[in-house]
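Enquirer: If you look up TrEMBL, you'll see 393-461 marked as domain 'J'. Residues or ranges marked as region 'Disordered' in TrEMBL: 450-480. Per TrEMBL, the feature repeat 'TPR' maps to 73-106, 339-372. Positions annotated as signal peptide by TrEMBL: 1-33.
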Amino acid sequence: MEWCLRAGGSSGLLCSLALLCVLLDIQLDGVLGATQAEIEHHLEMGRKLLAAGQLAEALSHYHSAVEGDSENYLTYYKRAAVFLAMGRSRSALPDLTHAIQLKPDFLPARLQRGNILLKQGNTQEAREDFEMVLRGSADHSEAQEQLMKTNELEDLQEEAHAAYHQGDYSGTINALERVIEISPWDPESRELRADCYMRMGDPQKAIQDLTPAARLRNDNRAAFLKLSKLHYSLGEHHESLNHIRECLKLDQDDKECFSHYKQVKKLSKQLDSAEELINEDRYQEAIDKYESVMKTEPNVQSYINRAKERICFCLVKLQLAAEAIDVCSEAHQRDPRNANVLRDRAEAYILNQDYEKAVEDYQEAREFDGDSIAIKDGLERAQKLLKISRKRDYYKILGVSRNANKQEIIKAYRKLAQQFHPDNFKSEAEKKEAEKKFIDIASAKEVLTDPEMRQKFDEGEDPLDPESQQGGGGGQRGWPFHFNPFESGGSYHFKFEYN
């Protein structure tokens, strides 16, 4: 080394190169030695962590071991075992193939790969692996059993496809039941069964097959698009949007997926906005938004039905009884088993003081949703109102709607009180009839201008009925506060107070 330092010119350069080579040899020996030690460490740690069930940590160590020694078939096999324990069979398959390439007679890897290929529905390659295992170990029971399953699977696949081409979709589904039991990771079998379900008019079952099938391929945009369209047709716009986004994640330029995405996104935004408006009690704006929904998607009945149902609800909230009854009736025709529509129409009938129909709707709604507290309470209230209406309906007495304000009530009372004042009648019979009407008019005004009594009446209870108040007993209808100016006879003149 001292000579190298003293040398100059070309001799010095050669000396420096020689010295560099010596240093590199020393460093490489150190690195290789450390790497081998680390490989053993990673393998040992991977084994311990795998035994402890710490799969992610074990996988990390096996990754490092494979990077350090890519020619060790056991390292690949052990990492495949971790992938399988994690349920990641597609990741395990390349490692098992590597192990077999490095050691073709390594039967455990052959058996594991054959099992995966069989579950994927790949009968030809699975058969080759099982037969190779049996060549090395003729009495291998698991390989024998799996080879029999492979033969069975091939026969069932042929049977299913023959039935499908003959238009026997029920027969196809029956054959595919066992096919999918043997090869649950085969996307083609699930997609074929989904197609049969769609042809038989059962989109929900088609969705159950397409959902896992979409994840069984690396690029299954077609399945995600089908799923999105199926959910869309069922009125499930959020699910539809989620699936079409999965399609665009795989290829953002996919024209078919992007076109459907724009439609779903627009409609979903309108529907969500309409519900937000309802939550904010902005019912007229919500109606307008649902009208837009029906323009955006006029062909899918699920959305038309939903829009009609919610417009019905909003009109009831706005106390527009006649309009609500019309829209609710149309919604009921479209979806006769919809308990919400029947509930809302019942409320519209109550607003319209048609209590018999309200009771009928609530009773029908209860048949479809017997657990609903709102329907149970609504039915009880409608029955009470019907019972009261057969006695005295204060709104009908004054000729006002159930949503009339205090000024409208007083105005109606004033007009009727003047019309039916007993002093306006001469014969005794007419006076007695006028007295009855006058009492009812005064009672109606008393109840409907008092917020507490009006609320009781609206809930189905007559605050001036002794039976209703005391749970029984007799009593005749009379003046509020037990005062009747006609009891002692004589001629009376009244001064009206319009407070």
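Indices start at 1 and increase along the chain as displayed.
The backbone N, Cα and C atoms fix where each Cβ goes, and this holds for glycine too.
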Enquirer: Please give the sequence-distant neighbours of the repeat 'TPR' (73-106): residues at least 6 beyond its ends with Cβ less than 8 Å from one of its Cβ atoms.
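Expert: Counting only partners 6 or more residues beyond its ends, the repeat 'TPR' (73-106) has Cβ contacts under 8 Å with 39, 43, 46-47, 50, 55-56, 58-59, 62-63, 65-66, 112-113, 116-117, 119-120, 136, 185.
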Enquirer: Based on DSSP, tally up the residues of the repeat 'TPR' (339-372) by helix, strand and coil.
Expert: 27 helix, 0 strand, 7 coil
Enquirer: Summarise the model's confidence over the repeat 'TPR' (339-372) as a mean pLDDT value.
Expert: 95
Enquirer: Where DSSP helix means H, G or I and strand means E or B, what are the helix, strand and coil counts for the domain 'J' (393-461)?
Expert: 51 helix, 0 strand, 18 coil
Enquirer: Count the residues of the repeat 'TPR' (73-106) that DSSP assigns to helix (H, G, I), to strand (E, B) and to coil, and report the three numbers in that order.
Expert: 27 helix, 0 strand, 7 coil
